[in-house]
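Undergrad: The structure follows.
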Amino acid sequence: MDEKRQKLLNLLEKLKFPMLPKEAEETISKMSDDDVDYLIEAYSDVDNYENVLDDYVRSVDPEGYDKLSKEYRQKLAKIKEDNDYKMEKIQEEEDVELDALESKAEREMEEKVSEQEKDVDEVVQLGDDLYSTLSESSGEGSAPPSE
């Protein structure tokens, strides 16, 4: 991710957008450079405005500021909880998918090993048959040498 897109991603995180990090990265990566520049400018202005407003309210009405700040933190905690739940569900789905792929790969490897063992057994049998045939034709009639 280039520097501009990373800056936009950081602004989204700082402004507490209710968006999963993976969703934000995917969305930002698909945006044009002009859109990214526009959003950086707009969200930077919003961030600056929030900082100035925050300082002003804190100086004018400290108790009101504390109350609003507490409510805001509670809302953010709820959003974080919801996002964590979504991330957990996504992780569970990915784990199930990964487990299924792992099981499939294991089965395929077992099938390949079984096929190879069968092929080796066939080659050994052909060797034994050939040795027997050669031994019988030469009159020896003995068993093939053991491995």
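Cβ coordinates are placed from backbone N, Cα and C, and glycine is handled just like the others.
Summarising the annotation, TrEMBL assigns compositional bias 'Acidic residues' to 91-100. The compositional bias 'Basic and acidic residues' feature in TrEMBL is assigned to 101-117. Here TrEMBL flags 135-147 as compositional bias 'Low complexity'. The region 'Disordered' annotation in TrEMBL covers 89-147.
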Undergrad: By DSSP assignment, list the helix, strand and coil residue numbers for the region 'Disordered' (89-147), in that order.
TA: 50 helix, 0 strand, 9 coil
Undergrad: Below 8 angstroms Cβ to Cβ, which residues of this chain, lying six or more residues outside the compositional bias 'Basic and acidic residues' (101-117), approach it?
TA: none
